[in-house]
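The block underneath contains the structure these notes are about, expressed in structure tokens.
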Amino acid sequence: FQGGDTCEYLLSSGRFLGEKVWQPHSCMMHKYKNSEAKDCLIDKHIVFIGDSRIRQLFYSFIKLINPQVKEEGNKHGNIPFEDKSASIKVDFLWYPEVNGSMRQRIKSWTEGSVAKPHIIVVGAATWSIKIHNGSNEALAQYKINITSVAPLLEKLAKSSDVYWVLQDPVYEDMLSESRKMITNEKIDAYNEAAVRILNSSSRNSKAKVKVFSVSKLIAQETIMKSADGLHLPESSRDTNAMILMNVYCNKIMKPIDGSCCQPQPPLTLIQKIAFCFFTLSIIGYLIISLMHRNNYRKNKPCTDLESGEEKKPAINTPNVSTLEMLLHSFCKLGLIMTYFYLCDRANLFMKENKFYTHSSFFIPIIYILVLGVFYTENTKETKVLNREQTDEWKGWMQLVILIYHISGASTFLPVYMHIRVLVAAYLFQTGYGHFSYFWIKGDFGVYRLCQVLFRLNFLVVVLCIVMDRPYQFYYFVPLVTVWFMIIYATLAIWPQIVQKKANGNCLWHLGLLLKLICLLTCIYFLSYSQGTFEKIFSFWPLSKCFELNGNVYEWWFRWKLDRYVVFHGMLFAFIYLALQKRQMISEGKGDPLFSNRLSNVLLFISIVSFLTYSIWASSCKNKTECNELHPSVSVVQILAFILIRNIPGYVRSVYSSFFAWFGKISLELFICQYHIWLAADTKGILVLIPGYPMFNVLVSTFIFVCVAHEISQITNDLAQIVVPKDNSALLKRLLCIAGFFSGLHLFSAMQDQSRH
């Protein structure tokens with residue numbers, strides 16, 4: 001650990017990912033749009049001083065402000081640029097040598113009340129080498145001249161950002177005869193002189209001339225593509241300009257995916273309170289454990305939130321009090337949250353940009369799929385979508401989604417569309433699982449409602465507090481929470497129709513279908529009435545939960561993208577359970593689901609449908625077009641998969657325990673990846689071990705999976721304490737939770753007021 005100044009890394013080191021993507025050492029670069037560049041540089045004056053290479057950098061820089069600019073004008077003269085809409089002024093001053101003329105111009109900014117430029121970019125040497133034929137006398141004179149200029153630049157650095165651009169190497173084989181004296185040996189000598197002399201009088205001062213040496217590294221990789229052996233290709237110049245923009249603008253604009261040069265955000269009031277709470281929990285647990293000096297072990301199965309199976313209550317040993325269990329859970333959670341904060345809020349660990357290649361996505365996918373096959377076991381039951389099978393389904397989907405995120409595969413449209421189906425499949429299981437539970441059990445009690453809501457939202461609420469992020473930021477949890485409430489409301493409102501009641505009279509089945517039709521009508525109306533949807537979720541306190549960046553558009557987009565798939569899951573559960581009740585399907589071990597002929601026909605149709613969807617998804621032209629059709633057609637591949645997985649008796653009676661294990665902690669994996677596997681709120685990759693990408697992924701993945709598993713255990717433990725079965729105790733807990741959120745809202749309001 002060498003301190004938190006990532007600007008030094010950005011200006012001096014990095015590597016190429018592929019051919020054109022530059023990755024600074026230890027931090028992430030943001031790709032600035034024209035509007036962002038203007039917002040950052042509004043009312044600013046920037047000056048580039050130097051030779052033709054600096055002129056190239058000048059043009060690349062102003063194209064970030066206005067891409068329509070053409071490289072015109074006197075090549076050996078001053079070139080002005082002004083953007084009147086943002087009051088930005090950028091000047092190029094032609095001073096190809098470090099001499100008295102350059103010194104006089106720089107000195108003029110240090111005297112009197114002359115307005116100083118906000119950013120000054122200086123660099124020159126190749127003309128001195130060329131004019132004086134690479135003589136040693138010219139190098140000696142260069143050292144004298146830069147020695148006279150250095151104090152002036154250091155003085156300007158106290159009020160402005162001053163950058164000295166080191167000379168890039170040349171491609172000697174391509175140089176014209178008039179430039180043959182410009183050798184890399186000479187360039188290195190001039191650069192060495194500049195680095196040694198600059199800041200020599202202010203080594204202990206914070207105001208320093210920043211040495212822009214990263215351009216050398218970029219040129220070493222790309223100078224072979226130069227048109228004349230001297231000037232960089234356009235892509236390399238653009239990279240240098242983007243680095244310059246990141247150095248200056250990141251601390252102003254604070255982009256999520258631009259960690260370079262960003263200071264560590266200050267702790268908020270709520271974060272400080274959370275820190276004190278976890279600290280007291282750790283101290284309290286240590287005191288109690290020292291007093292009791294006995295350990296306990298709990299071995300409880302993880303609960304599938306969408307399953308219809310009831311969670312068995314924790315078995316407390318007589319010598320373990322509820323308080324001790326509570327403090328033990330919060331003690332572990334406090335240590336885990338400290339790790340979360342250090343990974344993605346403190347400038348302790350490094351972060352890098354994602355870079356997609358086909359191999360980085362498909363090779364890990366093939367590896368885990370093959371690995372999953374080696375863990376094949378027999379299921380306890382052979383019903384359609386039995387417990388082991390749904391765990392397996394969620395497990396392999398979650399692993400694929402994790403690889404999708406870390407590889408940056410969202411830029412490849414066919415992969416993006418198939419991942420959208422996997423997200424839809426999770427929601428399909430939400431509809432299927434919760435409908436099945438309410439239909440079979442008929443349990444609409446407050447206990448069941450609170451248990452599910454607690455298990456879904458506990459981790460996200462804690463992360464909102466510790467990581468200072470809005471609830472909607474973790475979009476998947478609000479999505480499954482709202483859909484659970486919709487399913488609950490649809491089935492719980494009068495008349496409550498459950499399987500036991502419907503068995504006595506077939507008309508109740510019709511009544512349930514009418515309920516589902518009403519639900520579908522509401523979904524259809526809201527999906528085509530954005531204004532109504534936004535009004536509903538803009539009312540307080542819903543607005544506090546579903547707003548992101550000041551509006552609920554992101555929430556509307558996420559909801560609309562998979563608006564029908566939960567309904568499809570509920571309808572599938574209803575049809576399947578009705579067929580099962582009438583014994584129209586065969587679920588015996590090794591038996592096909594239907595008659596041999598019908599099973600073969602359905603299997604053939606399912607395989608064709610599955611492949612047809614994949615072909616369609618691979619031929620989409622753009623995301624907007626695909627997303628419009630996705631809500632209506634995603635169910636095709638989901639149903640095709642279910643039939644392929646369940647029609648053959650042998651396939652239905654086996655499962656992969658490897659995938660099922662991950663499926664049991666799939667929710668925790670999905671949420672934890674935001675901060676301790678990925679970085680910068682999923683925009684980058686966490687780097688625990690720099691310089692060894694594969695080893696880094698192995699180590700960070702191991703920690704990430706262990707943490708997700710531990711959080712799943714903590715959630716299960718706390719759910720038994722916070723949500724008891726006794727109604728009077730549960731009511732007291734709910735009042736405490738209401739008080740907690742009221743306090744949270746009060747502190748949040750105080751926090752917002754102090755920010756403004």
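Cβ from N, Cα, C; glycine included.
Note: TrEMBL annotation is automatic and uncurated.
Features of the protein shown, as given by TrEMBL:
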DOMAIN    22-92  domain 'NXPE C-terminal'
DOMAIN    253-734  domain 'Cas1p 10 TM acyl transferase'
TRANSMEM  269-288  transmembrane segment
TRANSMEM  325-343  transmembrane segment
TRANSMEM  355-375  transmembrane segment
TRANSMEM  396-417  transmembrane segment
TRANSMEM  452-468  transmembrane segment
TRANSMEM  474-494  transmembrane segment
TRANSMEM  506-526  transmembrane segment
TRANSMEM  561-579  transmembrane segment
TRANSMEM  600-617  transmembrane segment
TRANSMEM  659-679  transmembrane segment
TRANSMEM  685-709  transmembrane segment
TRANSMEM  730-750  transmembrane segment
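Broken down by DSSP into helix, strand and coil, the domain 'NXPE C-terminal' (22-92) contains 22 helix, 19 strand, 30 coil. For the transmembrane segment (506-526), the partner stretch with the highest count of Cβ pairs under 8 angstroms, out of 325-343, 474-494, 685-709, is 474-494.
Averaged over the domain 'Cas1p 10 TM acyl transferase' (253-734), the predicted model reaches a pLDDT of 92.
The list of residues near the transmembrane segment (685-709) in space but at least 6 beyond its ends in sequence, with Cβ under 8 angstroms from a Cβ of it, reads 25-26, 336, 339, 343-344, 349-354, 406, 662, 665, 668-669, 672-673, 676-679. Between the transmembrane segment (325-343) and the stretches 269-288, 355-375, 561-579, 659-679, the greatest number of Cβ pairs separated by less than 8 Å involves 269-288. With a cut-off of 8 Å between Cβ atoms, the residues of this chain six or more beyond the transmembrane segment (452-468) that come close are 265, 268, 270-271, 274, 303, 305, 333, 337, 340-341, 344-345, 434, 474, 477, 480-481, 484, 667-668, 671-672, 674-675, 711, 715-716, 718-719, 722-723, 744. Counting Cβ pairs under 8 Å that are 6 or more residues apart, the transmembrane segment (659-679) and the transmembrane segment (269-288) reach fewer than 3 and are not in contact. A Cβ distance under 8 Å defines the sequence-distant neighbours of the transmembrane segment (561-579), meaning residues of its chain 6+ beyond its ends; these are 384-385, 420, 423-425, 427-433, 435-436, 439-440, 479, 483, 486-487, 490, 499, 509, 512-513, 516, 519-520, 523, 526-527, 585, 627, 630-632, 634-635, 638-639, 642.
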